[in-house]
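A quick write-up on the structure given underneath.
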Amino acid sequence: MKIIFPILSNPVFRRTVKLLLCLLWIGYSQGTTHVLRFGGIFEYVESGPMGAEELAFRFAVNTINRNRTLLPNTTLTYDTQKINLYDSFEASKKACDQLSLGVAAIFGPSHSSSANAVQSICNALGVPHIQTRWKHQVSDNKDSFYVSLYPDFSSLSRAILDLVQFFKWKTVTVVYDDSTGLIRLQELIKAPSRYNLRLKIRQLPADTKDAKPLLKEMKRGKEFHVIFDCSHEMAAGILKQALAMGMMTEYYHYIFTTLDLFALDVEPYRYSGVNMTGFRILNTENTQVSSIIEKWSMERLQAPPKPDSGLLDGFMTTDAALMYDAVHVVSVAVQQFPQMTVSSLQCNRHKPWRFGTRFMSLIKEAHWEGLTGRITFNKTNGLRTDFDLDVISLKEEGLEKIGTWDPASGLNMTESQKGKPANITDSLSNRSLIVTTILEEPYVLFKKSDKPLYGNDRFEGYCIDLLRELSTILGFTYEIRLVEDGKYGAQDDANGQWNGMVRELIDHKADLAVAPLAITYVREKVIDFSKPFMTLGISILYRKPNGTNPGVFSFLNPLSPDIWMYILLAYLGVSCVLFVIARFSPYEWYNPHPCNPDSDVVENNFTLLNSFWFGVGALMQQGSELMPKALSTRIVGGIWWFFTLIIISSYTANLAAFLTVERMESPIDSADDLAKQTKIEYGAVEDGATMTFFKKSKISTYDKMWAFMSSRRQSVLVKSNEEGIQRVLTSDYAFLMESTTIEFVTQRNCNLTQIGGLIDSKGYGVGTPMGSPYRDKITIAILQLQEEGKLHMMKEKWWRGNGCPEEESKEASALGVQNIGGIFIVLAAGLVLSVFVAVGEFLYKSKKNAQLEKRSFCSAMVEELRMSLKCQRRLKHKPQAPVIVKTEEVINMHTFNDRRLPGKETMA
């Protein structure tokens, strides 16, 4: 019998039942959670605690399960396996065990050999393999089931290269841990050919953590710019060993490629001055990231104690952060693929997971803002792209962010954009510096005291005052040490080694060189200099020449011998010209008998002797009874008078100085005079800047001087300025030295003087080791002292001496025989000459009288002498009876000084 329920056939009832069943199914489905398993394989050291990656793996899974925001209907479980380091066989076995259990993805292991084994299995069975450490990828990589959250090292290598270029390094040492380091830093290794970079590559010891032999070798080689490619554990050990070896100073700059530099304990190095730079991918400035790291730290501190790795307690390492982000990225793909189920896979059957390809595509397409910033993958090779790195550097407050780097825009240094005011004392405040110097008066000298002095109190001088002012401005303390070899610093041509203060700066035995250290080209190539605190040049120190009294003929000195000769020639020439013109000019002839105007005899006063007498009278400013009548002769006379006026005035003006002032005649007046002679020896301080100047000079004069000095190196080059000054005083020696020191010496020793001007121009600066961060600070402080006038005041303090007594004025000094004795000699010579001439005239006249009176020469001479000795009138000699001569003959006769007037008739 068939029972019929009418209500079941009711359409409304049917719709209601369907709705209730649908609601029940929805409620059941919402109350049911899907379980998904992740696999993790982690290396461990035997008897060691759980690693950071495994802790982060578990922490991430637990966080997702607790929050229920990412996977509200899925519960994640995990299976973790531990393997020994570098055990690829065990890694393969553990991977197969997890695949047989059924896992959606396998995380780890980290090391390349084990990772490659697991990757091979995952790729064959279609299960995603997630890596958080760098692994070398070949160009034809076919591992499609692989992603890595670690930044691509080709990008990291470019970031390091950008840092090197930013710091303007010219020499770099790369220290790597294993052979993969050369692959990771390939962009940097290719740089020398493109960026003029000198690269030195070293490898850390593989079988020990003792890096001291390597560090010692680097210290000996003065390798101050170093890039370390190693783990954070090794980095912590290197820093400790470098500190013990004195390599944690401001002259060293280390770049670490590990992204865990921020997690190292840098407390012992904060005030060492060392420059330490690295990268950080963990976005600690994000508040959500900071909250997660804080929770991680709490759980991390509850974990078993870890061995001493140099890491700060509770800090999340980069590997841990990447593992945390990896779990979340895979979870994002799970969220987008809810119908995915896992199944047991067997390694020996080679049957891939049917959801693997789709799931792997979702993982590569996933985007996530995690602890390490933006996470996106290259869909072809699975490598991470488009990430940001923070550039961090060690400061006194610890590691601070100073910039950012990303693959698109490169390096962006933001340290100067923090809004902090510039403070030049930041890197020098409260630091203790070693200062090398050299004894050189007045720059550095021992302080005179009755009590024993110690330390810096032993010294005083210009450079000591300068150092004290710099320390006041910059806030540093210092210890003064005298240079061991007592030299400034020069390079040996044979081996290229330096000595003196320059050597101590190169070897970092001193932080500063505050001394009269000249800034030169060759020194600037090996050390750094501040701006000059004093400018100067090379000059010549020589004995002040002894004064020479004027000689008896010093009245001739106002005019040079050439001028005297020219005056004599001019006198002779003018006298002859006057004689000739007077003979030719008709207006110079006159009638000797003005009472007889009809006389045809005329005479000319300017005979040859009278012409010479006229010239002498004008030259002596005395004149003569002879006066020119013609215009032509007057022109000659006027020009001669003007000439003698200028000559006599110039002579008179200079005569007083030459007769009253002692002449200081020096055998040398310039460097050219030194180079042209060999009698006076000359030299400089050995291995000093002055010697180097002549040694490197290409100017012929200075090159010739260096040839002289080098040929007599043992005898002319001295050890110090004091030795050179003493030699100038005691021998015929000229000392080449700085003009400022010459100025100081001549103020205190009146027997010395500076010869000539400056040979070159240079400056004294504060020396620092190459690349020292102190140079710019000291330069600013020196400029400040210069603007305040303190440099000038210090120079006045140390250069101002008692001075040499001024020479007494000799304007009113009486002239002695030694001054004008020559004039008396000339007078005496003139008198003697006149006597001889008078005797000659007497004899000549006596002979004429004897001929005229027809008697003997002796009687005529006696008669002439008798008449000359009488102080009465003398009678004119009467000649014999006149001889009758015809009128025509008388008219035609005339002397050399007269002539007959033209046009007169012959006398009858």
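Glycine is no exception: its Cβ is also placed from the backbone N, Cα and C atoms.
Since the structure is predicted, the reported quantities are computational estimates derived from the model, not experimental observations.
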According to Swiss-Prot, which residue out of N378, N605 bears the annotation N-linked glycosylation site?
N378
Do V616 and L843 share a side of the membrane, as Swiss-Prot has it?
yes
C22, C96, C576, C595: which one closes the disulfide with C347 in Swiss-Prot?
C96
Including all protein chains shown, what's the count of other C-beta atoms within 10 A of the C-beta of N430 (N-linked glycosylation site)?
10
Comparing the Cα of R523 (L-glutamate binding site) with the Cα atoms of the glycosylation sites N73, N275, N378, the shortest distance belongs to N275
Of the glycosylation sites N67, N378, N412, N751, the one whose Cα sits nearest to the Cα of P516 (L-glutamate binding site) is N751
Who are the chain neighbours of the transmembrane segment (636-656) in space, where the CB to CB distance is under 8 Å and they lie at least 6 residues beyond its ends?
555, 558-559, 567, 570, 574, 577-578, 581, 614-615, 618-619, 621, 628
Taking only the residues in the topological domain 'Cytoplasmic' (841-908), give me the average pLDDT of this model.
61
Secondary structure split (DSSP) over the topological domain 'Cytoplasmic' (583-635) reads 22 helix, 6 strand, 25 coil
Nearest to N378 (N-linked glycosylation site) by Cα distance: which of the binding-site residues A518, T690, E738 is it?
A518
Counting distance between Cα atoms, which of the recorded positions N275, N412, A689, T690, N751 is nearest N430 (N-linked glycosylation site)?
N275
Around the C-beta of R523 (L-glutamate binding site), how many further C-beta atoms are within 10 angstroms, looking at every protein chain?
25
Beyond P516, A518, R523, A689, T690, E738, what residues of that chain have CB atoms within 8 A of the centre of the L-glutamate site's CB atoms?
Y488, L517, T520, G688, T692, K762, Y764
